[in-house]
Structure formats: structure tokens, C-alpha cells
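Annotation comment: TrEMBL describes C47, C52, C55, C77 as [2Fe-2S] cluster 1 binding site. Sequence annotations record features per position, and here TrEMBL assigns [2Fe-2S] cluster 2 binding site to C117, C120, C152, C154. Feature annotation from TrEMBL assigns FAD binding site to L265, V266, M267, G268, N269, T270, A271, V272, D368, R430. What TrEMBL records for Q763, F794, R909, G1082 is Mo-molybdopterin binding site. Taken from TrEMBL, the feature substrate binding site covers F911. Annotation source TrEMBL lists domain '2Fe-2S ferredoxin-type' at 8-95. Summarising the annotation, TrEMBL assigns domain 'FAD-binding PCMH-type' to 237-422.
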Amino acid sequence: MPSLPNSDELIFFVNGRKVTEKKADPEANLLFYLRKVLRLTGTKYACGEGGCGACTVMVSRYNAKTKTIHHFPATTCLVPICSLHGAAVTTVEGVGSIKTRIHPVQERLAKCHGMQCGFCSPGMVMSIYTLLRNHPEPTPEQITEALGGNLCRCTGYRPIVESGKTFCAESTVCQVKGSGKCCLDPEERSFANRQEKICTKLYNEDEFQPFDPSQEPIFPPELIRMAEDPNKRKLTFQGERTTWISPVTLNNLLELRTNFPKAPLVMGNTAVGPSIKFGNEFHPVFISPLGLPELHFVNTTDAGVTIGAGYSLAQLNDALCLIISEQPKEKTKTCRALLKHLRTLAGAQIRNMATLGGHVVSRPNYSDLNPILAAGNATINLISKDGQRQILLNGPFLERSPEANLKSEEIVLSVSIPYSTQWHFVSGLRLAQRQENAFAIVNAGMSVKFEDGTNIIKELQMFYGSVGPTIVSASQSCKQLVGRQWDDQMLTDACRWVLDEIYIPPAAKGGMVEYKRTLIISLLFKFYLKVRQGLNKMVTGFLLGPEKEVSEIEDSTFNHLCVDPYQHPQDPVGHPVMHQSAIKHATGEAVFIDDMPPINQELFLAIVTSTRAHAKIISIDISEALALPGVVDVITAEDVPGDNNHHREIIYAQNEVICVGQIVCTVAADTYAHAKEAAKKLKITYEDIEPKIITIESHRACQHGEMVVVIKNMKSGVKLPRFESQLCEVHVEGQEHFYMETQTILAIPKREDKKMVLHLGTQFPTHVQEYVAATLNVPRSRIACHVKRAGGAFGGKVTKPALLGAVSAVITSHGTGRPIRFILERGDDMLITAGRHPLLGKYKIGFMNNGVIKAADVEYYVTGGCTPDESELVLEFIVLKSENAYYIPNFRCHGRPCKTNLPSNTAFRGFGFPQAMVVVEAYITAVASQCNLLPEEVKEINMLKRISKTAYKQTFNPEPLRRCWKECLEKSSFHARKLAAEEFNQKNYWKKRGLAVVPMKFTIGMPMAYYNQVSLGEVSFHPNPIYLDGSVLVTHGGCELGQGLHTKTIQVASRELNIPQSYIHLSETSTVTVPNAVFTAGSMGTDINGKAVQLLPSQFCPKWGTRSLHSHPSSLPLRSPSPSSPHLPPYLPQNNPAFICFEPLSECVWVCVGVYVCIHQLALKDPCISDSLLHFSQGLGEAGMFMGSSVLFAIYDAVAAARRERGLTKTFTLSSPATPEVIRMTCADQFTDMVRSGGQGSI
């Protein structure tokens, strides 16, 4: 690393080995250092902002004062290497390896099927491993909490949690109401008469190696000696642009603060790091007081508790737990409110890195803790060279009033939290899009003091977050309410005055203005009820029923069909076989694209994308970028040797840009840092072009609106009757793929014949081959694409890798002739690749009073984006499958693909089916509402009843559908649950429950016959299916995306060849061995590839055995014409959580100029491990995707119950996603009425 003179040595340990870095760069993070310097690639890059947990490691530090070792998880993408002096880092490679021995954590995660693509698995391993180092026998709650900062887009979390629970001391067996009985006992099951034998586990715990905590590696003694060294001195690390200074005494720190008043104090780097990366901030000097004992302490007095500013939020959590256990409940109301929010604030990694002092002084407008601290009358203890002073953590401080700010030379020493009193109530409230690791939409800290023995307000404080650029205080309203009784009239006045005082402008950042204003008074109402509940226990005659809480959803148990007892013991088909690469995933030894070793002279690529939705390119100035060190070339459309517009997909923008995020040019440099810096220096001049079409509505309003592909139509039955009802609309918004491994390509040019090799993660290597060949103007046979595995895909890696592969290939052919490593950062990936097609559905329905639907006229509009991509095929799916499981005698459907100035939407799990079915189920539910029937009754009335032809002329037998429907209702005790929900709703005004069941008819296959066949280029059978030692190599055209395709193919080959699975190997997917293979998508990968593997041995290959060792049959390519393998059910142990992939609660946001807002992981709200619905998620591939819509319609059912109770009986439409905003504002009540009426009305 480049550095300036006088830099100290950085000393830390990684996996027990000493690392001495003489040229430590303050700008380098631990993730970069592990992967690129130490070549420990098990730690993965996924989001780059600490929100996904893929880069988790364990950091251990020795506390010389307490003589203890502290282990904690950390996200390496936020950890500067300079902060690690004296620390020990353990990565997944240090936990266990297939080359030595695997750790029980790794073994159990693999054998419990807790992984699919495996990209997140090292992070999961490290989170559980760190927990076990601190708690060798954790509780199930600790397991869930430890994994709260880790995201997984494949498994649905259940098997991951189960693997962690195998370390728990207490029983994790299902128990019914604490009785000790299992819900699977015959007397406990409502479907006890089912004939088939069931299994509840897919693994055998007896196979696990024991966990012995005493055998873990010791903390390096050298680091203990360093920590206890009485002669420690200040350390300075100087990089190319920045300097890092680590003081060892408080006086040292205060002196540095005086000398460098603008230098940030870095402890956990959870605030400074993201501001540098995403806010383009630059700091020439960093001061890191990490480990100063003066900042790490807890002092308790009779008045309260004082906590050092250096305490991490996790340590703060532990300290508050101890205080609560020691003090009377009435004194710890502030501590309890803080503790409640600490448990859901960020993930475990961030809570162990972020500090109390940093959180308080940074004053984020979304802070959950600061409003509570302010409401609890906390004070901040400051220190500088001039002495100490205290300031109140109050409204002026949180609102950044100049008179309440810290002086430039001051630092936060500690925070004092006074104890509450008997007549003092403190509470924290928040509402976010998910339970944890999500910024609040609105949060609040409130407190009230009463005159002793009365309900007369003596002091009142209310602080709100996420409603403005800072946390705001409703101080004027509180002053007006002092002296009032705590009653309903006070509440009405308080709501009206608070709405007047806290103003949110209509164009406020983030929108949701009405919703946020509603939440302001809704949270006030919740606080009012909570205080009344407390007063009820202290003031005689102040009666209020106990506040009812919704009980946590009980854990569920899955039933799996057992293997046929008559099946041959060596036949693996149907058995829950561990993923082929599971152990390698768990140890970090599975090689993904960016894990491949560096290639000599390789270059790194940075992209420059359009900042305009529709504009003419006037000029591109590359001179300043080329002048920077390390920059080799800048590529534009002029440098493309072949086709720059292949099948209407534009490689580099030429003359004009048609969306924000379109690639204009790329920069190649010797390091990614140099390439990225040069990309910032490129100057592009634009001239805007009208119109800019962003939405379906703007497309329809525009007279020149184009269709990105042709319109699709379908019609059945006779002429549609005239409709008297009005046209109804349903919106289904887009969705981000968020595969864990971003789009990654390694392009290697060959010296001969203009050949090129590409290593990438894709679902369609043939497509990449086609585009790269066309762009370079060479035959396809010169392009070789290799796919070992992909870190998730979900449709996002069908067509997009072809475009990006072509982009990277141009550089290798443009004079450089050097390999290119092209890794998209998360924000660029989300911006460029788009996602699911947003849809607007319009319908008119003709129906009878008994719920029978006679006619339907449906129109679908989808946002295709700026180029065709997969829009035509998606639209065909939408139209062809738009009848779902119902028979409607007169049916007409139109599909219109709208061309917009947005990045082109592409394939996504479900491929149009979920969007269309939301519309279908919406009008079924609407008919039920109009007929005063249950939606389930209308569904059953109109469900297909006899063998008939679908609208697209396919013969369909509905018997399995109706049997599944009946069985689902019976086994779920649907009607009993429905009655229980209705009873609950009658007793609870503010909380409602809903229940829904949704039928689904999903045809596996593609409209084009070619896509339903598979090409097995010499199935393993390369050049001989059986080698002389008896081993077998299988190759096929399917891509391993985590779904276990290779694993299942091996199972099939094992059965057909009658040999053990250990004799069979499947290396990779390549266009060299299997030309012209179709994409791996649509739940067809196993069917077509498995069927081909099944057919080939019987037709072309000898049986395995000693005699076959001398047989060399000629190998022939085989095409399987069958899109399914009905007699071959290979088992999928890693069941895809398509259920949760539906994501009925998350949304993607574009602003009116076509800029994508959600380009960071934290802006998305993918389900995390604590979201309760995940405990019920299990499905297979595409078909299971729409099962998640049952959540959407259950929400609809609950909202309908709330509206009926409020006298709102009119049929309403609940579009997808049903965000918290949509749900809350649809449940109209006195709070929404007060907001919409400008503060009028009463509560």
C-alpha cells in the first residue's frame, strides 16, 4: 500500500497468524484487505454498507482493565484496517476447512440444509460461531438475535435457524401450549387420518460431531502483552491521502481534538464510513480513540446511571439489562424504553460496532434512541482541554440549534440517564417497514410527569424522528398541556396542536406526508393509552381494561413425505441429500467469480452511467480521467468493433441516453479504486429531450407513447356482454432481485484466433456468448462462457449478464488485450439491472348475485423500460396465465407493454404470473364483497370443475386442483381459524386479524418449444461417461444457482448408473461442452436436465462395472424433448423460499425525473430473520412464488374487518405492495380523518 514517511506498523492477528502491515492505508477496509491482500475470499462482498452480513467476521479484543477477552461480530466492509491494531480477527477460513477439519457450526449449517447459493453462508457461520464463543449453550432467542444482521435471499431462514438451535441446551421440539405434546401427535392433528407417513426433520442429529468449546483457538498471547504494555504510545498510520491517529490517553485525545477540530472521531465507523462512500465526503485526518478506558465505564448513583461514550450499543444493551435487574421497576422506565429499541436497532454486527457517544452526537433524524434519551432528561457530559461541562440532550440539541452544539474542540465523555420516578412515564415508539434492521418511518420518545397522586400533567415532552431533517420537539404543544388532566379531551387537543406544530411540507424527502402525520398522532394515542394503563394501577377509579397484545406467532413444523421403505437403499432419489457444495459454502471454500485468483495484468472496470432519463449526449470529456494514475483506457460506443445495438439492446449509449443508469462509458485501471476515481472525473454534457416517460400513466397520457414490444391478446367464449360496472384498477409495483452476489464477470482474452473466455454467474451462458460475439464481431465458437455457480439470481441473471459481458469484452479487444475483472457495486447493480415489471391491471367483471362470474374483460399494462429485454415473454405469460384456476365462460384479455425512460425490466421469479394473479384474485375478492360472500366461497364457486381446454387451448384436468384445495382447507383448519379471527376482531378495535387461501394453476414451461428442451453435450460423457477408474463426469447445460440442480442431477445419475454418488462428479456449465443450452429458469432446470440424464445411460452408455472400464462408446449429444420428468422426483432439500420472495410489503421507488431512489441495501426491506412470516415459508421455484400472495389477501381481509367496524362497507382495492402506509391509510379512522381535515375533529 502506498504511504507517506513516519507511518507506524499496524499489528493484528488473522486466524491465529500475525499480520504486520508497514504501509497501512486508512482508506482501506478489512474486507478489501482480507480478499485482495491476504487472499482470504471466504468473506464476501454483497452490499458494502454493513446491512446484509455477508462479510461478517469475529473480532476479539483483550481488555487490560478487566482481564477479559471480548468477541463480537463485525461487518468488514465498514471496518478500517487501522482500527484493528491489537485485535484478533477470525474469518470463516479460521473456523474450519475441508482441508483440515470442519467446525460443528459449519457441519450443522450444511447438513441442516441451511444454504442454497451459499454466498451468505460464511456470514451466517461467523454470526453463530461468535455467539457460541460468548455463549456455548445459547437460547433460541439468542440464535435469532445473532442472525438478525444477516440476510439470505434463498433459504427463507428456517433451516439456518434450525442449524443454530441444535446448539441450544433447552428443547426446541414443538410443544402445544406448554403441555409438552407435539402438534404432530395424532390427537393433536386435525388431519390425523392422512395415509402417508410423514417426517418432520431432514437431517439426523446423531450424525453431528459434538461441540466442545474448550477446543477453540486461544487469544494470541502477544496481543495480551501489547494491551498490558504500560509504555503504549500514540500510533499514526499515513496513507496516500489520509492520516489515521490513535491516541492512548484522554489528554492525548483532547490535544488531537484541539489540533484537528474537523477530524472525525472514528470508533465503529458506522456513520463516517457510509458518509464517505455514499456522501462523497473526504477527511484528511481521522482520530480513533478506540479502547480508551476513560470512555468505557458504567457508574451508578442514587440519581441515575452514567455510561461511557465508548460503549458499543451491544454493551449498552448489557449494561441496561443489569441495571433493570438491580433497580425497582419504577426507576428504570427510561432504561426499559431504550432496551426495547436496542433489540431491534440495526443488526448484531452494527450494534457491536456503533457506540453510544457516536450515535448521540451524530444526531441522525431517524434515531430511535435519542428521542427516548431526550424524553428521559438525559445529559451529555463533554470534555475538552478547557475542562468539563454538561449539556442537556433535549430539543435544541437534537434540532441542531447553534447554542446547543458542541464546541469544535469538545468530545462526548459520557451520557447520564436519570432514574424515573413513580409518577413519571417514559416510552419509545416506532413504526418501520420491518421489525429490525430498518430505519423507522416515524419514531417518538415521550414522557410525562404527574402531580403526585393525580392525573394532572406536571411536565410533558414529545420528540419525533424521521419527520424532518432533524429530530423535532413538540415543545409548544407540551407547554399548553401542562396542568391539564390526562383524559380524552386532552388527547384531542394534543393531537390537533401537535399537527399544527410539526409541519411536514408536501414535497418532503421520502414522501408519505399524510401517513407520517397520521403516525404522529397515532403514536401519541398509543402513549396516551399506555400511560392510562399505568395510571389505572395507581389512581383509584381511573379504570381502563388491560392493553391486549397480539401474541407471537407460534413456531410451525413442516411435514415431509418419507422415502418409500421398499426403495433400494443405495437409490438416493427422494432422500434429503445435502447440497453438493454445502460444506464448501460453509467453509468459504466454494469459489465464486471474484474469489478467483488475480490474473497477470488484469484490469478493473468502473462504469459511468447516465444521470438523465432522456437526453442528447453533446460531449464526453475523458482527458482528466485519462491523466489519473493507473488509468489505462476509457471506452465509449465509438470503440465497439461489432454490433452496439444487438436485438435492440444497447451496449454503450450512443448520441443519446434513454434512461437514468444507462451505461455511457467505462474506465479500465490497474485497481478498482483508481478506476472509480477516474470515473468521477469524466465530464458528460447533456441536452434534455422531451418527453420523459416514467410511469404507465405518463405513457398512456403521451400521444407518442411507444410499445416496447407487440401487444398480446387472448379471448375465449362468445361476445362479451355490456357491463354496467365501472372500470376498476389494481397496481402491482416492481421488485428488486437483490441476489447476494452482484453481477460479476472475469473476461480473459486469448492470444490466438480472437478467442475469449468469460467466467461469470449467469442463468443463460448461451445468451452471453451470443452478445459478446456480436459485439466483438467474431463467431460464437470463439467465445467460451463458464459458470461454476452463481450467488443467487431469481431471474436477474438471465439477460443482464449478456449486456454486461459485452461491455467488459469491448475493453479487452480495444488495444489493451488484458483481462478484465468487472464487479458491480450494489448501488450500480440495482440501478442498471432493474427488476420485476410493474403492472397496472384494469378490469370489468360480469357476475351473478350468487357469485358466479359470467364474463371478464381485463387489460394489463406493464412497464417494459427503455429496451425490449424480456418484456415480450413476460407479457405472454401474463396474458396466457391470466385465468388462473377459474372458469370464466366469456373472457378477454389484452396485454400492453409500455416503453418508458427507465432501465429495462427483466425476468423475475414468477415471470409475470404473480402480477397477473394479484389482479385476478383482486377481482374475485371484489365480487365476493359485492355479493356479501366470503372470498373462499366465490373462489370455489368459480373454480374449474371438469376437464376442459384453457383459453390457450391446453387440456386441463382440475381434479388435482380441487383435491389440493379441499386438503389445504382441511389440514389448515381454515374455517376454524376463520371463526377465531372473526371472534378476535370483534373483541379488538385497534388490532385485526385476516386469513386468506389462494388457489393456483401454474403451468411449467415456455410458450416456445425450443426453450423446453435441454442440450446435454455428451452428458459426462466427455469423451467417455465412465473413466478407467470407474468415476463418472456429468456435464449439462443447466446452471447452479443454489437450487441444487447439480446435486439432483448427481442423484439421478446415481440411480440410473446404479453407482454411489461419490463416484459422480459435476464440474461446471460451459458453452464449450454444451453448446446452445437454454436458460435455467422457470422451475424447468431439474425436469429437463434430470430427464436427459435419466435417458442417456439407457440409450448410449454401458452399465458401470469392471467390464465397462475397457469400453469406449462414442458420445452423442442428446436433446430431451420432455419439459417434465413425471417418473423421476429428485428431492430438493433446499426448498426455495419463493413464498417470501413475493414480498407483499416492500416497494421500489422512482422519482419523477426517472431516478431510482432505492439503490442501497438499507433502502430496501427484504425480509430478515425476525420477520415472523418466514417461519412459515416453503415453496418450490416459480410455482411457489405466488403462494406469498396469500399474505397480501390476508392483509386485505384484516383491513376489510377494520373498515367494516368503522362503517366503511364500500368495496376497496388493495394494490401490491401493501406497504405499512397503504395498510394504515386504508384503515380510515379518526386519526386519518383529523389529518385529512386539517386538524379538525376529535379522538
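Residue numbering: from 1, along the chain as shown.
Glycine is treated like the rest: Cβ placed from N, Cα and C.
A straight line from the CA of C117 ([2Fe-2S] cluster 2 binding site) to the CA of C77 ([2Fe-2S] cluster 1 binding site) spans 21 Å. Within 8 Å of the centroid of the Cβ atoms of C117, C120, C152, C154, where the record puts [2Fe-2S] cluster 2, the same chain has further Cβ atoms from M115, Q116, G118, F119, S121, R153, T155, M740, G791, G792, G1042. Among the binding-site residues N269, A271, R909, F911, the residue whose Cα lies closest in space to that of C152 ([2Fe-2S] cluster 2 binding site) is R909. Taking the domain '2Fe-2S ferredoxin-type' (8-95) as a whole, pLDDT averages 96 in the prediction.
Spatially, by CA atoms, the binding-site residues C52, M267, A271 include one closest to C120 ([2Fe-2S] cluster 2 binding site), and that is C52.
Here the CA atom of A271 (FAD binding site) lies 29 Å from the CA atom of C154 ([2Fe-2S] cluster 2 binding site). Nearest by CA distance to R909 (Mo-molybdopterin binding site), out of the binding-site residues C47, C77, L265, M267, D368, is C47. A separation of roughly 14 Å, to the nearest angstrom, links the Cα atoms of Q763 (Mo-molybdopterin binding site) and F911 (substrate binding site). It is A271, among the binding-site residues C52, C120, C152, L265, A271, whose Cβ has the fewest other Cβ atoms within 10 Å in the structure shown.
Summarising the environment of D368 (FAD binding site), the number of other Cβ atoms within 10 Å of its Cβ, over all protein chains shown, is 27. Across the residues the record lists as binding FAD (L265, V266, M267, G268, N269, T270, A271, V272, D368, R430), the two Cα atoms farthest apart are 29 Å from each other. Spacing of C77 ([2Fe-2S] cluster 1 binding site) relative to N269 (FAD binding site) is 10 Å (Cα to Cα, whole number). With respect to their backbone Cα atoms, G1082 (Mo-molybdopterin binding site) and the residue listed as 'substrate binding site' stand 8 Å from each other. Residues Q763, F794, R909, G1082, recorded as binding Mo-molybdopterin, reach a greatest CA to CA spacing of 12 Å. Here N269 (FAD binding site) is positioned 16 angstrom away from C52 ([2Fe-2S] cluster 1 binding site), judged by their C-alpha atoms.
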